[in-house]
Amino acid sequence: MGYLQELRAQWRPLVAALIGLGCGFSMTNYVTSIMAPHFLREFGWSKSEFALIGSLGLVSVAFFPFVGRLTDMIGVRRTALIGVIVAPLAFLGLSQMTGDIRVYIALFLFQAVLCITTTTTVYSRTVVQYVTRARGLALAIVASGPAITGAVGGPILNNFVEAHGWRAGYLALVAFSAVAGTVALLMLPPERKDSGEVPPRAKTAKEDYATIFRMRAFWVLLGAMLLCNLPQVIALTQLNLVLLDNGVTAKGVSIMISTFATGVLVGRFASGLALDRFPAYLVAGIGMGFTAIGLFLLASRFDDPNVLMLSVLLIGLSFGAEGDVVGYLVVRNFGVSVFSSVMGMMTAAMAISASIGAALLSLTLKLTDSFEVFLLSSGTAVFLGSLLFLLLPRDPAPVTAAVAEARS
């Protein structure tokens with residue numbers, strides 16, 4: 001079967017995962033970026049106070065490995081069902097807030113714990129089960145779900161909120177997440193095992209994790225994820241505020257947020273195509289390095305709209321590449337049978353890094369009332385993290401080989 005023919009033949013898992021991720025937990029990143037200025041203005045919350053809430057994402061860390069293992073054990077549909085039910089309830093609760101920041105924190109934690117069942121850790125497993133030759137592009141397609149939502153729905157939601165208020169915006173999200181999530185669940189194909197997979201047996205978790213922890217690729221990826229995700233809070237929840245501090249108008253911010261989302265889409269597909277054709281370690285190193293350049297530009301004195309637009313685009317390109325690169329490297333080095341287990345740990349590392357970054361941002365904002373220090377320091381961390389990818393094995397073991405050898 002040819003490269004593109006495989007994608008056409010396996011359209012159902014691709015579309016199901018695309019929709020599932022598009023209306024899943026990752027969508028809330030774009031939503032929060034749009035809603036943040038309204039919360040600060042109406043409730044009087046400070047920027048440092050709001051930024052610190054992002055550090056509570058650490059709570060998710062303990063649950064990502066569990067969700068990953070759960071997905072490998074009971075399948076994608078049953079795991080994702082949890083988040084599909086919870087998401088509309090969380091948005092409904094957010095629409096009823098009256099200004100008590102403790103309520104927002106509680107709802108944030110509610111989503112952070114239960115809605116991670118609708119992330120790439122879960123839905124990408126469907127893709128790697130059904131697609132092999134065009135796996136990089138397939139992962140790029142499904143990982144583009146949140147970016148499509150941001151690029152198309154972001155400006156729509158932003159304008160809707162400006163016209164009708166943020167409460168009405170959250171009510172619209174209740175309907176969207178419920179309908180789209182249900183469609184994704186109905187479209188998911190049954191679980192499928194690769195011909196090369198080792199037949200499952202009871203109580204293999206200890207063996208699997210021991211094998212994973214012995215592999216150099218695991219520790220290289222872990223270190224890279226910890227360094228490269230420190231500035232994630234900027235891309236996910238603070239980009240709007242950073243641009244406003246640089247003198248961008250509200251209308252200009254809306255355009256640049258859309259540019260960021262578009263950059264994520266371009267980064268996804270460019271990295272997906274590259275991963276299917278070029279050494280993965282090079283694609284990862286180059287793709288992740290774009291964020292460092294973007295952060296340095298944002299921290300510079302160049303406040304020209306074109307420079308700011310370029311910086312946002314570069315961060316978007318890198319952010320898009322990451323979602324594809326991580327999944328591709330995980331399945332290439334560890335196989336399908338433990339894909340979600342490893343992805344869960346990598347996602348946990350990313351959450352730890354992002355939460356530490358949020359705490360550091362809150363501290364630097366409190367001390368300096370400026371984003372500049374954080375932009376420069378996190379940009380340096382990303383640069384070092386991108387270099388770590390060059391230490392990955394040049395010729396990694398075939399899919400599932402490492403775990404299969406340990407079980408033989």
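Note that the numbers count up from 1, one per residue, in the order the chain is shown.
Glycine is no exception: its Cβ is also placed from the backbone N, Cα and C atoms.
TrEMBL entries are annotated by machine, without manual review.
Look at TrEMBL and you will find 12-396 tagged as domain 'Major facilitator superfamily (MFS) profile'. The transmembrane segment annotation in TrEMBL covers 12-30, 50-67, 79-97, 103-124, 136-157, 169-188, 217-236, 248-266, 278-302, 308-331, 338-361, 373-392.
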Practice item. Please work out whether the transmembrane segment (12-30) lies in contact with the transmembrane segment (103-124), by counting C-beta pairs under 8 angstroms that are 6 or more apart in sequence and asking whether there are at least 3. Key: yes
Study note, to complete from the structure: Taking the transmembrane segment (50-67) as reference, the highest number of CB pairs under 8 angstroms among 79-97, 136-157, 248-266, 338-361 goes to 338-361
Point to revise | Candidate ranges 169-188, 278-302, 308-331, 338-361, 373-392 - greatest C-beta contact count to the transmembrane segment (136-157) (under 8 angstroms) | key: 308-331
Review point. Sequence gap of 6 or more, Cβ distance under 8 Å, 3 or more pairs: do the transmembrane segment (217-236) and the transmembrane segment (103-124) meet that?
Key: no
Point to revise | CB contact flag for the transmembrane segment (373-392) and the transmembrane segment (278-302), at least three pairs under 8 A | key: yes
**Study point:** Per-region confidence, the domain 'Major facilitator superfamily (MFS) profile' (12-396) (mean pLDDT, whole number)
**Key:** 87
Study note, to complete from the structure: Maximum Cβ pairs under 8 Å to the transmembrane segment (169-188) among 79-97, 103-124, 248-266, 278-302, 338-361 is reached by 79-97
Check your understanding: Which residues, given as numbers and ranges, are at least 6 beyond the ends of the transmembrane segment (308-331) yet have a Cβ under 8 Å from it?
Key -> 120, 124, 128, 135-136, 139-140, 143-144, 147, 217, 221, 225, 228, 234-235, 239, 243, 246, 248, 256-257, 259-268, 270-272, 275, 280, 283-284, 287-291, 293-295, 297-298, 302, 339, 342-343, 346, 382, 392, 399
